[in-house]
Amino acid sequence: MAPKRKPPARAAAAKLDPDGMFRGVSAFVVPHAVQSRRLEVWKQRLAQMGGRVQEKLAAKGGGGAVTHVLAADAKALLRELDAAWLHRFRGSVVSFEWLEECLKSGERLPEHKFAINYEEEFKPKKEGGAAGSGVLQSAKRSKISSDGPENRKETAGGNRESRDAIAHPNEDSDVVKGPSTCTSSQSASGDSKETIASQNAFKAEEASSGESSTYAPPDLNRNITEIFGKLINIYRALGDDRRSFSYYKAIPVIEKLPFKIESADQVKDLPAIGKSLKDHINEIVNTGKLSKLEHFENDEKVRTVSLFGEVWGVGPATALKLYDKGHRTLDDLQKDDSLTSAQRIGLKFFDDIKQRIPRHEVSEMEKLLQEVGTDILPGVIIVCGGSYRRGKSSCGDMDIIITHPDGESHVGFLPKFVQRLKGINFLREDLIFSIHSIEGTDCGVDTYFGLCTYPGRELRHRIDLKVYPRNRHAFGLLAWTGNDVLNRRLRILADSKGYILDDTGLYLATPGSGGKRGGRSDAIINCDTEKDVFDTLGFPWLEPHERNL
């Protein structure tokens, strides 16, 4: 019997077209903010139609054989590649939308329409952006706040999940991994060489909470911003930080408009309002609702995971696990023995924590904190940051930034402060408590996260206390004031200038390989005030109430 002949390989051969529309394209594909399966399909299609996919970049810039860099957006791009390298790159830097549209149309489209303008990430805009929220990676790691951290959630031990911090779209993009390389909390900028005059100037500038400059936008389009706000929470709970952040950026832009939106054409040229959001606005204006939101609200899984994600300390991964266990309500969670003590506290006071705090009450509590702190340590500086310092009429929580001008007396202050505040029934439940100033670890920054009560009431509010050494205080104050958009722009700008910026300092970046970001040096750039940080980076100075970008 004659052996069977193998079928001709015509089908396989037909899939490869070296003269296809992507001939001459040698692409490096940034894998962030896109599903891996979708990414593989795009790579296959690109290769089938004459293109090539490069897995590595040349280390010295120029991209080697690479002609195109493809990414989801500027944020994903700058997570993978150094801004300085991109400036040297002479090829095309485009979004995946270019590839998608080429495949849809069957022809290679002009690339300039899909170019990623990563420089816009750190350029100031008159209108645009949004507040977001920052988070501690752990009780023993430094936080890079991305805004006024109003929505951060931590696990009891401080181990952060891929959680809902818009300020931290992805954990490896915003948190310095590995052991802390920070030096001791003592420095020349905070020791006895500092004059009384400079200490007084420091107090005058940094102690201002922005009380006299409130942020009161017209807010004539609540029908739109309230829907966008719900989508923020849903996408955050689902771990889709990219989409969550896009709605987050749009809200302040819409809030500031001096007119009622009656047509989507009125917003087509506004920053942070792309085609998708414009379509949403058009639907809301014409129908009074948004089908996407209704779809989410009618989906049991999305609805439940979103609900669980609102519990303090529960991130997207944990929320999904709880759903997969069969839990559907907050009452169900009460019976789950896998919850940490901090998560149980978040669950117990779920309704309390969700209530916003009126500005005048925050002001009174800030004064109380200053009085108690001064009684323990004369000269201590205590400022409430976040949306309060930016002038908002209410706050989701209180972010308290603390230091002492002499650069030394802050050491060991936080335990005494917490004990005194518990003694007067101001601080009630503990979530995270870590002390590093005594040993000089983790840049000497001490942290307390917990719940507090307004005097005479039992309603719980979230409060964070951060004590910084004098030489790191400006960075902490800047980071914990926010907002998210400003902090992201400053970090990207710092990166483009060869620095790494976080809430503990501005550091010289160490070189990486293949165009990728390296680590950071031990040395901190001296900046006594927030303005010094702005000036060092070459970014226009913004008063706290001007930072609602």
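A Cβ is built for glycine as well, from the same backbone N, Cα and C atoms used for every other residue.
The feature domain 'BRCT' is assigned by Swiss-Prot to 17-116, with sequence analysis given as support. Residues or ranges marked as region 'Disordered' by Swiss-Prot: 126-197. For 180-197, the entry in Swiss-Prot reads compositional bias 'Polar residues'. Here Swiss-Prot flags 233-247, 315-318, 438-479 as region 'DNA-binding'. Residues or ranges marked as active site in Swiss-Prot (evidence: a curator's inference): H280. According to Swiss-Prot, the region 'Involved in primer binding' annotation covers 390-399.
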Mapped DSSP class for H280 (active site), helix or strand or coil: helix
Could you give me three numbers for the region 'DNA-binding' (315-318), the DSSP helix, strand and coil residue counts? 3 helix, 0 strand, 1 coil
Could you give the mean pLDDT over the region 'DNA-binding' (438-479), rounded to a whole number? 96
